[in-house]
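A.B. asks: As annotated in TrEMBL:
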- Glu62: active site, proton donor (ACT_SITE)
- His60, Cys85, Cys94: Zn(2+) binding site (BINDING)
- Ala164, Asp210: NADP(+) binding site (BINDING)
- Arg194, Thr206, Leu214, Arg217, Glu305: substrate binding site (BINDING)
- 11-132: domain 'CMP/dCMP-type deaminase' (DOMAIN)
Amino acid sequence: MAVPDTAMREQVDARFMAAAIRLSRRHLGLTATNPSVATLIVRDGVIVGRGVTAMGGRPHAETQALAEAGELARGATAYVTLEPCAHHGRTPPCAEALVTAGVARVVGAASDPDPRVSGRGYAILRAAGIEVVENDLAVEAADMMAGYLIRSLRKRPEVTLKLAVSADGMIGRLGEGQVAITGPVSRRQVHVMRAESDAIMVGIGTALADDPELTCRLPGLEARSPSRIVLDRGLRLSASSKLARTARKTPTLVAAAADAEPDRRAALAEQGVGFLAVETHDGRIALPELLEDLAAQGTMTVMVEGGAETARNFLEDDLVDRIALFEGPVLIGEGGVATPLTGGQMPEGFLLVREAAFGDDRYREYVRMR
Ligand code: AOF
Ligand code: ZN
């Protein structure tokens, strides 16, 4: 085969890296505190090995892809969505595994901020004479593993604010439980987002008004429901709520003041509900400290699902990294609860990164530029 010129080679690399990034999506929400990484081993334009970080974080993607490729890895190109690790964990470093397998070329996307890796992974490869290309589709890969990167660099989880807004800018109706704003396609999309998150969070107002389940109920993905966290400083959640009654199946955690309502706490604990002791500032939960605690416990991604007050608190504290905006065609009218976005506008510094039509709804996703 003729040696492709540089532009051609870059195109081929970008195509395989895009495929690797798509593959890495498969285990989002299942690998904490490890990122979901993917590896493709490509030989003469054919994929001969593929791997995604396993559930729970090990084995790493490279090990699995190399095992699948076997002898075909010798002389091949490896596409890795994250710099290969350089540290000894439960297995030897992936960078060494790539060297041992005789890979000729490694194309990497995101760099690994983990101090045990950070540049060392690529250095091991280069020292062994492997050709290394860094930062291929780095932005796309970083977007996919934003939770891992934000937890590593900022010591808190990535926060995604999910909003369903009506055509007249409302997110619900006062005093009413769940009001249908978006259609079935959006609903399924929200369930996928839940499956890909490490935790879902709501305020006690929403928990009381809606009595929600906050699980992933897509056929086949039910087991991927993440922990549900209720911001409930004064411990008002009832032991007969769905969140409490299903706590043994899908973890429910209540973020409450340590001394709140001991009787109610005992009743909830009996149902299997867990507790997160929180500090309060000016009568409300100190969100930065809570997020710090969650990150320390391993949480990389949190999806905030409501309601308006909770959303406003996260926005005011500048703790939102991503906004997932679902806009439905319905009108709420009288008694509507307005969107927490001031003037219906996206806050400053958010960039539109994705747009889609979900049935009659319009979806737009924004990422905070730092
Ligand atoms: C890779 N390939 O698929 C992933 C990597 O606890 P350990 O030993 O599994 O190490 C966790 C670190 O491994 C994590 O912080 C990150 O640096 C790296 N993740 N590395 O080579 C993978 N998931
Ligand atoms: Zn590794």
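Think of each number as a place in line: the chain as shown, counted from 1.
Heads up, the Cβ atoms here are built off N, Cα and C, so glycines get one too.
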A.B. asks: Taking only the Cα atoms, work out how far Asp210 (NADP(+) binding site) lies from Glu305 (substrate binding site), in Å, as a whole number.
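C.D. replies: Their Cα atoms are separated by 12 Å.
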A.B. asks: I need the nearest neighbour of Arg194 (substrate binding site) among the binding-site residues His60, Cys85, Cys94, using C-alpha distances.
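C.D. replies: Closest candidate to Arg194 (substrate binding site), judged by Cα separation, is His60.
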A.B. asks: Taking Cα atoms as reference points, which of the recorded positions His60, Glu62, Cys85, Cys94 is nearest to Glu305 (substrate binding site)?
C.D. replies: His60
A.B. asks: Can you name the residues of this chain that are 6 or more positions from Ala164 (NADP(+) binding site) yet have a C-beta less than 8 Å from its C-beta?
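C.D. replies: Counting only residues 6 or more apart in sequence, the Cβ neighbours of Ala164 (NADP(+) binding site) under 8 Å are Ile171, Ile181, Thr182, Ser186, Phe326, Glu327, Gly328.
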A.B. asks: Using C-alpha positions only, work out which of the recorded positions His60, Glu62, Cys85, Cys94 is nearest to Thr206 (substrate binding site).
C.D. replies: His60
A.B. asks: Cα of the residue listed as 'active site, proton donor' to Cα of Cys94 (Zn(2+) binding site): how many Å, rounded?
C.D. replies: 6
A.B. asks: Need one number: mean pLDDT over the domain 'CMP/dCMP-type deaminase' (11-132).
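C.D. replies: PLDDT averaged over the stretch: 97.
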A.B. asks: Just checking: which of His60, Cys85, Cys94 have a Cα that is within 10 Å of the Cα of Arg217 (substrate binding site), counting only these binding-site residues?
C.D. replies: none
A.B. asks: Distance between Cys94 (Zn(2+) binding site) and Leu214 (substrate binding site) at the Cα atoms, whole Å?
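C.D. replies: Leu214 (substrate binding site) has its Cα 37 Å from the Cα of Cys94 (Zn(2+) binding site).
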A.B. asks: Are any of the binding-site residues Cys94, Thr206, Asp210 near ligand 1, with a Cβ under 6 Å from it, and if so which?
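C.D. replies: Those binding-site residues that pass the cut-off, since their Cβ is under 6 Å from ligand 1, are Cys94.
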A.B. asks: How far apart, in Å, are the two Cα atoms that lie farthest from each other among Arg194, Thr206, Leu214, Arg217, Glu305, the residues recorded as binding substrate?
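C.D. replies: If we measure all Cα pairs in Arg194, Thr206, Leu214, Arg217, Glu305, the largest is 19 Å.
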A.B. asks: List the same-chain residues at least 6 positions away in sequence whose Cβ sits under 8 Å from the Cβ of Leu214 (substrate binding site), in sequence order, or say none.
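C.D. replies: Long-range Cβ contacts: Arg194, Ile200, Val202, Ser225, Arg228, Leu243, Glu305.
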A.B. asks: Among Ala164, Arg194, Asp210, Arg217, the binding-site residues in the record, which have a C-beta under 6 A from ligand 2?
C.D. replies: none
A.B. asks: I need the most crowded of these binding-site residues: Cys85, Cys94. Count other C-beta atoms within 10 angstroms of each C-beta and give me the top one.
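C.D. replies: The largest 10 Å Cβ neighbour count belongs to Cys94.
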